[in-house]
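Here is the structure we will look at, set down as structure tokens.
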Amino acid sequence: MKTFHLFGLPISFLGLMTMIGVLVGLYIAKKEVKRRGLNVDVLDDLALYTVTSGVLGARLFYILFYNLNYYIKHPVDIIKIYDGGMSIHGALFTAFIVAFVYIRKNNLSFLKYADAVAPSIILGQGIGRVGCDVFGKPMDDPKFWGVMFHGQIAHPVQVYEFMLNYLVFFILWRIRKHTKYDGQLFFLYVILFSINRGIVEFFRINPIIFGWFSISHLLSLLFILLTLIVMYFVKKNDSNLIIRGIDFKKDKKKELFKDCLFVIIIVIISLFIFYTVQS
């Protein structure tokens, strides 16, 4: 794991990029929550709770689904998070549960807040992925974008994933004012992220269940199925469901240009940082 030293303290590259992702995501989330007329004050506490629970959930899922036998034999290593071993599915799953409990406890609408923060979550994930030090399979036919890892040219799966995440951010950001009902943007985020993860998984090295189907494929599929089930019941049982028409003609070309420019800039910065540090 790559580390830097700040005032004599070691800081991992992954930790640094994750922190930047959280801060950027929180900033954009506050702007969007305010635009929607929701209470911004709850976001700081919500971010603290979800990030903390996300780390714990990421570790728990990794232990349970990826390397259980090892940790049964070496229980002391469970707390050695600095050695790696995290699951993004676990991070999101526990963070969503904690967010749901916290928001409902404060008598607020989970779906309204989930829609408001969905674009910022996937953006933060993309930024954080720049610092990930888990590379993919060796390239059969090395390409210029490959990265030297353990003497072989490997797939830079981090690049694949943050590029796809930025694409999802762009989609969610463009349609955030045009959703048909509360929760739609959040549901779309979970589904698109799960598809992204499924695509990237073909180039990663993870425990295989059968054929090419890995543990991460299974978790992504479960995320999609669970989301579709929740979507069905939300649309079926919510008597106050707000159905809105979608009219993209109201979008200004200036807004489209600004959104495209933002994504292009963040892609360029991410690629520069990744290949400068990770190569």
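Numbering starts at 1 and runs along the chain as it is shown here.
Glycine residues also receive a Cβ, built from the backbone N, Cα and C atoms like all the rest.
TrEMBL annotations:
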TRANSMEM  7-28  transmembrane segment
TRANSMEM  48-69  transmembrane segment
TRANSMEM  81-103  transmembrane segment
TRANSMEM  153-173  transmembrane segment
TRANSMEM  185-203  transmembrane segment
TRANSMEM  209-235  transmembrane segment
TRANSMEM  256-277  transmembrane segment
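Remote same-chain residues near the transmembrane segment (7-28) are listed as 1, 43-44, 47, 51, 82, 117, 119-121, 123-133, 273, 277 (criterion: CB distance under 8 Å, separation of at least six residues from the stretch ends).
Recorded stretches compared: 48-69, 153-173, 185-203; the one with the most Cβ pairs under 8 Å to the transmembrane segment (209-235) is 185-203. Long-range Cβ contacts of the transmembrane segment (48-69) within its own chain (Cβ-Cβ under 8 Å, at least 6 residues beyond either end) map to 22, 78, 81, 85-95, 97-99, 102, 206-207, 215, 219.
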